[in-house]
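**Q** Got a structure for you, questions after.
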Amino acid sequence: MGKGLEEAVRAEEEERDDVVDGAVDFRGGTAVRSKTGSWRSAGLIIGVEVAERIAYYGIQGNMISYLTGPLRQSTATAAENINVWSGTASLLPLLGAFLADSFLGRYRTIILASLVYILGLGLLTLSAMLPSLSNSECQVDNELKSCSPPRSQVILLFISLYLVAIGQGGHKPCVQAFGADQFDEQHPKEHKDRSSFFNWWYFTMCAGCLATLSILNYIQDNLSWVLGFGIPCIAMILALLVFLLGTMTYRFNIQQQDERPFRRIGRVFVAAIRNRRIGRDGILPKQSSEQFEFLNKALLELKDKDSMEEESCSPSEVEEAKAVLRLVPIWASTLIYAVVFAQVPTFFTKQGVTLKRTILPGIDIPPASLQTLMTVAIVFFSPIYDRLFVPLARAITGKPSGITMLQRIGTGILISVSSIVVAALVETKRLKIAQESGLVDDAEAIVPMSIWWLVPQYLLFGMSEVFTMVGLQEFFYDQVPNELRSMGLALYLSIFGAGNFISSFLISVIEEVTGKEDSWFANNLNKAHLNYFYWLLAALSVMGLAFFTFFSKSYIYNNKGIRRQ
């Protein structure tokens, strides 16, 4: 009798442990641990992200060649257009995350965003199919000269690009957050698995894109832009199908019925402003932190003779608002890293166009394919970071992760400074060789200098991504309130959106100042001064690193998880 009771109790405990608290399955029923979530679901979602990144980078990576080639745009104009588009694509996740966290949920947002994404890619492919791009010569004064495509075709191109940006705005922050949601942070093993999810996410995404993007850039440069844009469209269709097929295995977080997080945090700022004139001595709770003291006034109750007494904010709500506010200086001080990142698909690629690219008779390396060298660096260095660097740093610092999230980000920014310095030195050498070879006035000339000279700047920047990109993802996911994790990842993406806009602004201002006489971004790169621009970015990067270090030293981590640093 006692044995039977013991077995029944054990069976009940096992059944209870198999239930995931705070989550349901696709039918709205109890989420069973053995049948839902964890790596079975996260693996599918990572695969979806790989396909989406192939689609996005398959367009962005070589767009500078498309705009300056078939669309006949100047180098500066094309770079500005790409920066604005990329910036918009990286800022729109703020809107997508808001809609997902407040209204639609991540699952529905991903599906709707994927449909918009596919529509944009389909229209982009259609714009390349129109006959005017293949017939780029027109008759002027009895001579055949190259001419720009019709305005309507250019408009269709940019409509499709911004539909892609809208699609990514909903897709990008929600997919990663939804993948991390598949791990139960209250379960020891799954919590540990989730901590490694971000590393595997970035590693797998880069490894999956490596060979594909090399092939895609070759197709675009040497075979067909229609096929080069059509393949990303097919990739996104497959990604949506795979995501839908995994529906029965997903866990869906239960939405809390209390006040929505955006409204809750906003109420703290409103209350603090409303109570700003009220004295605080002796009436504020002692547990309120001293940082951002002005927000502590949200803890006060406002009594007015003409209105009813209003309820004050709770200490936990005030600390939640402070946690969000602490992210602002970190966000701002990493912007220059994003500005440097914006040069990779634009000016780094244009550098490669002017160099010797033949590796075998009749086979030239597409300039945009050198971007895969960053991926090579990430795939190669990520295991080294995880298996060698972290244990060594752990032995020195005593921290479980070796170094803190902010130290990891700062290390990557430092490496990016070396990348842009190397790019400036290589460009200076390229210009010197062009001058010595008498090629300065020949815009179409190939400078007698191997494209392999560009390898170090790509590899160094790829190495910086292992530190900064993954560090930023984990930092903004970990340090926001739990209900705002999509928004946290959107904040990370918005760094690169703002960085692209800053890059576009810098190019526009410099072009205005130097364009009439000695343009830094002349269409003839042998007459341009990209090296000056790179030195300017190097100086700004050093300043940005100094500000980041200053703010990092005073940052207070939001203690809410098992892992603390």
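Positions of Cβ are set from backbone N, Cα and C atoms, glycine also.
As listed in TrEMBL for this protein:
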- 110-130: transmembrane segment (TRANSMEM)
- 200-219: transmembrane segment (TRANSMEM)
- 225-246: transmembrane segment (TRANSMEM)
- 324-348: transmembrane segment (TRANSMEM)
- 368-385: transmembrane segment (TRANSMEM)
- 406-426: transmembrane segment (TRANSMEM)
- 489-510: transmembrane segment (TRANSMEM)
- 532-556: transmembrane segment (TRANSMEM)
**Q** Where else in the chain does the transmembrane segment (225-246) make close Cβ contacts, counting only residues six or more beyond its ends and a cut-off under 8 Å?
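**A** Cβ under 8 Å, 6 or more out: 41, 44-45, 47-48, 51-52, 54-56, 58-59, 62, 66, 70, 110-111, 114-115, 117-118, 121-122, 124-125, 128-129, 133, 216-217, 219.
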**Q** Which of 324-348, 368-385, 406-426, 489-510, 532-556 shares the most C-beta pairs under 8 angstroms with the transmembrane segment (200-219)?
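**A** Checked against 324-348, 368-385, 406-426, 489-510, 532-556; highest Cβ contact count belongs to 368-385.
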**Q** Looking at 324-348, 406-426, 489-510, 532-556, which one has the highest count of Cβ pairs under 8 angstroms to the transmembrane segment (368-385)?
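**A** Looking only at 324-348, 406-426, 489-510, 532-556, the most contacts with the transmembrane segment (368-385) come from 324-348.
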